[in-house]
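Here is what TrEMBL says about this protein:
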ACT_SITE  Tyr133  active site, proton donor
ACT_SITE  Lys204  active site, proton acceptor
BINDING   Arg186, Asn446, Asn492  (S)-malate binding site
BINDING   Glu275, Asp276, Asp299  divalent metal cation binding site
DOMAIN    110-290  domain 'Malic enzyme N-terminal'
DOMAIN    300-561  domain 'Malic enzyme NAD-binding'
REGION    1-35  region 'Disordered'
Amino acid sequence: EAQRAPGTAARERDEDARAGPSAAQDRKSKSKGLPTLATEVVTKRGAELLHDPWYNKGMAFPQRERDRLGLRGLLPPRQMPIDSQVQRFRHAFDARKDPLQKWKQLRSLLERNETLYYKIVTENIEEMAPIIYTPTVGEACKRYSELFRRPRGLYFSAHDVADFPAITYNWPAEDVDIIVVTDGSRVLGLGDLGIQGIGVCIGKLDLYVAGAGIQPSRVLPCVLDVGTNNEELRADPQYVGLHQPRLEGDAYLRVVDAFMDAVYNRWPNCLVQFEDFQTRHALRLLNRYRGSCLMFNDDIQGTAGVALAGMLASLRARGLSPGDLVKEKIVFAGAGSAGTGVAAMVVQAVAKMLGGGKGACAAARRNIYMLDKDGLIGASREGLSDAVWGFARDDLEDGMSLTETIRKVKPTILLGLSGVGGIFTADVLQAMAESTERPTIMPMSNPTDRAECTAEAAFRATGGRCIFASGSPFENPPMEHNGFPVIANQGNNMYLFPGVGLGALACGATQVSDGMLLAAAIKLADLVPEEVLKCGRIFPRIENIREISREIGVAVALTAIEEGIAEGGRGLKVDDLVRLGECGMRKRIREMQWDPDYTPLIYQDP
C-alpha cells in the first residue's frame, strides 16, 4: 500500500463520523474512481464535441450519450472504459525510451482528451512528473517553435497591449482559478527562450491539476511576449514569437501592468503565479503586485519554501529539532532571486523561532553566508541590491572562494542556487565533509545539467554521510550509510505550490503572505514520517502529492484566516470559515479536489 501522510486515515474516520454515514461511502467511491451523480451541461454535439479536449471521452462515451450527443457512427462501436484506455495508451508509451518522445505523446493526448491525460498523470505522478515538468520540459521549451502544433493558453504580445482585455475574453472558460505566467526571460536554467517559455507554464499547471486537484478547465497558461535577447532565436525563421529585442524599463512594466489589469478584470478571484522571470524583474514585480493581488513568484517563494522544508526535515534526520535551525551555519552559492528568496525565508523562520523583534532578523542573518560569481559577498562590495546587501558580511573578506568560505566558517548546510552546473567541485564537497559529521548538501538548480553537483559526487565525497536534495531528479547511488541505502532526495517545487494555490482558493485569500508560505514549508517538513528520516529521506513520497497538497492547503488557509486576509467565497463567508476549524477546512479542501474521471454529459442549445 502506498505510504500516506501521517494520521490521514484517522483524520478521515473522525471527519466521516462528524459528517454522517454517507461521507465515508462518498470518500471511498471517489478514491476508487467510481462515477458520481454529477452531470455537466455542454453546448457542443457531434464532431465538434469530439474535438474538444475538455469534454472528449473518445471510445469511452456510453451508448446513451452517443445517441443524445450525436456521436453514433462517429466512433467505433465498442465502448472502452477509462481503465482500458489507460492500458491502451501505456502500451505505446512504455515502448518509448526517449523522454522527449514520451513528452510529445503525452502532449498529443492532452490535446485530445484532458480527462484521460490527467488520469494517467495523476495515478503515475512519480513517473510522469520528470516528463511533463523538469527536466524534460526544458528540452521541450528549447524546441517549442519546432514542435508547435496547436496553441495552448493565451499569448499576450507587446504589440497588442491595448487589446489585452479583449484577449482575456477570447478564452472560453468563464471561471479561471489559477494562471501561471512567464515572460520567458529565464526559463529554468536555460536563459532567454522568449515565447517558448510557455511550456513551463503548461507543465506547472499540469502539476496543479494532478497534484492539487484543480479542475483543468479552470487553469490558464499565459506568456508575455515582449521580445527576446536571444539572437539565435531572433534569427530563426521558425521562431513563433516576436523577432525583436526585449522591452525594458517603463515600456516593459506597461505590458505587465496591462496583463494584470486584464486578467483580474475578467477573473477577479484568480491566483496568478509568476514563473521564470529574470532576476532583475522577478523581485521588482513581486513587490509591485503582492500587496494588492493574489499572486506569488514560484522561483523566489516556492523555491524558498521547499528549501526551508528540506532544511527543517534534515535537522530531524540528524536527531535534532526544527528549532535548532537557529544554530545552523548555511552557505548559499547563488545570490539571484532564488538565493535571496530562500535566505529571506530562512531569516523569517529563525526570527520567529527567536521570538521576533528587531534583533531577531539580524541574529538570523549572522549565520548566512552568500556567494555570487565573484565569491563571498562582503560589506565592501559595491552595487549590491537591497535584497543582497542584508547578507553582506563585515567579518570576512569579500571575494573569498566557495572552498575557502566553507573551510573558514564550517557550515552544516550548503545550498546551490546558482544555475551553474558542477560548481560544487570535489574540493568543495570534501570541505563540507570535513566541516560537520553529517552535512546537508542541496544543489537546487534546474535542469539536471545545471545542478551544482550530482548525487553520486556528494555521497562519494562524504562517504555516504551527507543528506542530499537536488532540484532535478538523480538516481540513488549504490551506497549505504549506517546500514541504509542512501537517498537522493528531489526538492521539487511541486511539493509546495499546488498546496499553496489550493489553500488560497479554499479560503478566498486576497494575497499570498509570507506567513502563508512559511506555514506551507513547516507543514511540508512535518509530513515526512519519522521512520524514513533515519535513512536520509527529507521529503514525503511524491506519489502522495494529493494528500500532501491537501495538508499544505489546510495550513495555508488557516494561516490566511488568522492573518485576516481571507474573504471566503465558494459558498462560505469569513465567519463560516472561522467556524470550520482544521477538520472542517480539510473536508472542504478534499471536496474541492477534482478527480480525473468522466462526468455524464447533457446537451443544451447554446
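Backbone N, Cα and C atoms are what each Cβ position is placed from, and that goes for glycine too.
Under the DSSP three-state reduction, Asn446 ((S)-malate binding site) is assigned to coil, being neither helix nor strand. In this record, (S)-malate is bound by Arg186, Asn446, Asn492; the longest C-alpha to C-alpha distance in that set is 18 Å. Checked against the residue listed as 'active site, proton acceptor' by C-alpha proximity, the recorded positions Tyr133, Arg186, Glu275, Asn446, Asn492 yield Tyr133 as the nearest.
Ranking the recorded positions Tyr133, Glu275, Asp276, Asp299 by Cα distance from Arg186 ((S)-malate binding site) puts Asp276 first. If you average pLDDT over the domain 'Malic enzyme NAD-binding' (300-561) in this model, you get 95. All protein chains considered, the CB of the residue listed as 'active site, proton acceptor' has 27 other CB atoms within 10 Å.
Nearest to Asp276 (divalent metal cation binding site) in space, judged by Cα atoms and limited to the recorded positions Tyr133, Asn446, Asn492, is Asn446. Listed in chain order, the residues near the divalent metal cation site other than Glu275, Asp276, Asp299 are Thr182, Arg186, Val187, Val200, Phe274, Phe277, Ala282, Asn297, Asp298, each with its Cβ within 8 Å of the site Cβ centroid.
Using a 10 Å radius centred on the Cβ of Glu275 (divalent metal cation binding site) and all shown protein chains, the other Cβ atoms total 30.
For the residue listed as 'active site, proton donor', the number of other Cβ atoms no farther than 10 Å from its own Cβ, over all displayed protein chains, is 26. Cα separation, Asn492 ((S)-malate binding site) to Glu275 (divalent metal cation binding site), rounded: 14 Å. Taking only the Cα positions, the spacing between Glu275 (divalent metal cation binding site) and the residue listed as 'active site, proton donor' is 13 angstrom. Counting only the Cα atoms, the space from Tyr133 (active site, proton donor) to Asp299 (divalent metal cation binding site) is about 14 angstrom. Following the DSSP three-state reduction, the secondary structure of Asp276 (divalent metal cation binding site) is coil.
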